[in-house]
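Notes follow the structure.
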Amino acid sequence: MFFQNLNIIVPFFQMKWRTILPQCCLLLVTCALPALEAVPIDIDKTKVKTTQPVDSAKIEPPDTGLYYDEYLKQVIDVLETDSHFREKLQKADIEEIKSGRLSKELDLVSHHVRTKLDELKRQEVARLRMLIKAKLDSFQDTGMDHHALLKQFDHLNHLNPDKFESTDLDMLIKAATSDLEHYDKARHEEFKKYEMMKEHERREYLKTLSEEKRKEEESKFAEMKKKHENHPKVNHPGSKDQLKEVWEEADGLDPNDFDPKTFFKLHDVNSDGFLDEQELEALFTKELEKVYDPKNEEDDMVEMEEERLRMREHVMNEVDTNKDRLVTLDEFLKATEKKEFLEPDSWETLDHQQFFTEEELKEYENLISVQESKLKKKADELQKQKEDLQRQHDQLEAQKLEYHQVVFCKMLVALKRILGSLLHASVLVL
């Protein structure tokens, strides 16, 4: 997976690794905004629950879910050290980055930075070659053309494995942009497969039970489902009611004093002027706790994370007008003026959703059956190889034993001859 556990990107510079920008171009842009003036807020801090100050320098960069995640982070770290590139980045717009024009600024960075980037690329190429070799070895493929096989990786220029060029930066940005744009979709697909597998295993288990036991299990399943669905009303994500609940229960403030601007500043944890996707998802914790409890057998934590993702996507679709996967203060305040913010529709949780159809489940089960058949065939082949090797071993052991017996017999014959000669000599002497 990825992508498991993959729609997070790491913009950089003063902000140091912001989260979840599937448009990789923004991994370079979002950090160019630390100079924005903070909007002053007036709140009674005696009413706010004490929280530890956030040190942006200590925020660990999240895993992007990409197979070249570490390489991406290392390249960004190195580029961050060049003052010229950082200055150009701060003045660049999104289209300039996406078009690749910014990548050409790489030609002007210091020799020291280029040397580090060259070394990172050589390490990444070596890593990819090891992955290729491991994969080919698993298929017992002795022929290997690393140069040709490196073409499958589109986040670097494989034609020049020793030098990091502007082409490499451009390819890295475009690859991450493309991969991360589909990250949420991939997560939804993985969740769907998870639910189908869960249902498949449940049905297969029921087949192993007697009629009486099967009825008991079905009754228990229905009871657990009903118990899970019996939860408090969930507020519409991003609505005034939902945010006021966070304001009161998480922030410890008087609900009558709710102020959108103050709320934004309180939950802009790294104070970068945006609510990113990670900061948004944190706002839904109170709502999710109404539905999911890890102590309850009927509550599935995988489903909770899918619900969190749905909530975040919904709010982003409603609020993020420029579709950069970040919510600015202006976007946030405009959203609070809409009718949907004050009078939202009811929110249907996952327990009211149909994840898949019977046709989709049947198709998935057929796929599982095919995969199991292939695995069984492979297992049978390996078992046959094992038996053949064991027979060869047994034959070699038998040949070895036979050889030792022949040698031993020949030694006995020779010893008898020697003893006979000695005995005959002794008679002659006497």
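Just so you know, glycine gets a Cβ as well, placed from its N, Cα and C.
Curation does not apply to TrEMBL; its annotations are automatic.
What TrEMBL lists as coiled coil is 361-406. When pLDDT values are averaged over the coiled coil (361-406), the model yields 91.
Cβ atoms under 8 Å from those of the compositional bias 'Basic and acidic residues' (208-226) belong to residues 202, 297-298, 351 of the same chain, restricted to positions at least 6 beyond its ends. The compositional bias 'Basic and acidic residues' annotation in TrEMBL covers 208-226.
Under DSSP, the residues of the domain 'EF-hand' (255-290) split into helix, strand and coil as follows: 23 helix, 2 strand, 11 coil. If you look up TrEMBL, you'll see 255-290 (among others) marked as domain 'EF-hand'.
Under the heading domain 'EF-hand', TrEMBL lists 307-342 (among others).
TrEMBL lists 208-239 with the feature region 'Disordered'. Broken down with DSSP, the region 'Disordered' (208-239) shows 19 helix, 0 strand, 13 coil.
In the domain 'EF-hand' (307-342), the DSSP tally of helix, strand and coil residues is 24 helix, 2 strand, 10 coil.
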